Ligand SMILES: Nc1ncnc2c1ncn2[C@@H]1O[C@H](COP(=O)(O)OP(=O)(O)O)[C@@H](O)[C@H]1O
Ligand SMILES: [Mg+2]
């Protein structure tokens, strides 16, 4: 957790807490976002992502703590003075204005002369490739187009921070991929500091410089996509970011013992006691022939073809381990009932104190 | 026969709709169109002393009405007062409707029931209630006097009618406003705020335009109800406030001049037509 401010820090949350009535939704949250970076709030539904974003925008008042932008305390600044560009999950376009006037709105509120506002709105719409639809009403646009208008409307005011609340969740898969690339490109071109709320790990990992993994109103881990994926701070993060196998075991003087009695090696250091052992399915080799830190015998029980991947269910001493391999041309050489030797390295063996979820 | 015969295609293509609309069309024809046509006919007949109607075709009711300054003033007065009452009702009802629109759960249900509950008592009872409140030795006048201010006269003049009608029309206005607030999404208001709009500018540029359909509907409804209101002006006006509806009553029941009463009624209908036209013009401009 950041305690001292980085020199290029732009946004800082200090001890932010939120209670709705008696429910303590966010106990205490600290966060530091650098200038020009895009940070993802990633977590399951209901963990407080939207609430935190709304607090930054001023739409919700924190019960405790303070918000700083560029070293200035804005905790008590009214919404309209905060200079934030917000993209809502439902887009929230003004239904009574055409696209151009939607984009001009923020400029009008800043008393930009009409001519210039019109010109800048046109430029912003070109930027999201919607120049030709400037005179349509929002209801005459598709979801993806509305999304881009919302983005142009938020960016045209050149806000101090861009806030995006699950902006892609209402789009179909293909459009989502396109918009992911486009939003990231726009954010990097303008060098704007951005906070991106999502429950989709692919979005968080692929678009953002750093990821805040949230759970139940607190931060589980704050790091780069690689850190979060390769070195998850908790079992929850490992489970939430990417798929993983989970075995029960114990850490003893001799090493790690699984429930089924196999001895494993891990690069992680922990005090002795009951542990959960986590291994990513695609880090396990199915037919280990050479040397490996961890080697266990098992029997293939299921084979599932899922396009790019083939998923094998392998039963090992009563527990099921999932192994994923890239699909190869031709039929899989394995069949259910075959014996296999699974192998994986100590670095890929993550251990956490048992019971942590 | 193994299966039920399929409906003839033509039925699906509209005849069924016509059939379903027939009962209400019939009721409307007998209960509304025919009497109105009858009124229109009376307005071209001649009245006889003692309430008789002479079945001749004459323009004299219309000519008399449109050339008599008393009636012209009556019409203008009625329209003007009704517009003023409608506007006042709108101003006092709008914040309540907006609050109700934003309230949620059982609190909203409770408040909505509270707003509608006056409709459960008849306008007569509520008018008498207002008479008791506004009369010269009633609580309002007494309170004003106790403050050492000159005592106003609130009863048996236009002030009383104004106050009474405004309150009586409020539930209709609030319900109509709420029915027209569908486009008002709290996220859209929030979007305006994050884009730099102060609460006042958010109201002017976003909330007000988005609630215009409700405002138009509420104003149409309350204007029509105000123009045709009879009990409240009759009781609270004390015979000193002349409005269209009370004059029609006097002509029909007191003077027994049915042709003139009919002519005035048709005039009211024309005023309603104009109001409806204005309403649809506003709606067309909104879209
Ligand atoms: N206005 C509110 N009143 C009461 N509870 C709320 C309110 N807004 C959000 N919550 C609760 O706060 C928690 C976090 O909500 P939210 O920030 O929307 O989660 P997320 O965006 O991560 O899905 C949820 O449990 C939600 O029920
Ligand atoms: Mg959310």
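Keep in mind that glycine also has a Cβ here, set from the backbone N, Cα and C atoms.
Marked as domain 'ABC transmembrane type-1' by TrEMBL: B:75-279.
Under the heading transmembrane segment, TrEMBL lists B:16-37 (among others).
Feature annotation from TrEMBL assigns transmembrane segment to B:79-100 (among others).
Long-range contacts of the transmembrane segment (B:112-134) within its own chain (CB-CB distance under 8 A, at least 6 residues past either end) are made by residues 96, 100, 140-141, 154-155, 160, 163-164, 167-168, 170-171, 174-175, 229, 231-232, 235-236. Per TrEMBL, transmembrane segment is recorded for B:112-134 (among others).
Residues 81, 84-86, 88-90, 92-94, 96-98, 100, 115-116, 118-119, 123, 126-127, 130-131, 134-136, 140-141, 211, 214-215, 217-218, 221-222, 225-226, 229, 232-233, 236-241, 243 of the same chain lie 6 or more positions beyond the ends of the transmembrane segment (B:154-177) yet place their CB under 8 Å from a CB of it. The transmembrane segment annotation in TrEMBL covers B:154-177 (among others).
The transmembrane segment feature in TrEMBL is assigned to B:206-231 (among others).
Residues 36, 39-40, 43, 65, 71, 75, 78-79, 212-213, 216-217, 219-220, 223-224, 227-228, 244-245, 247-248, 251 of the same chain lie 6+ residues outside the transmembrane segment (B:264-283) yet bring a C-beta within less than 8 angstroms of a C-beta in it. Under the heading transmembrane segment, TrEMBL lists B:264-283 (among others).
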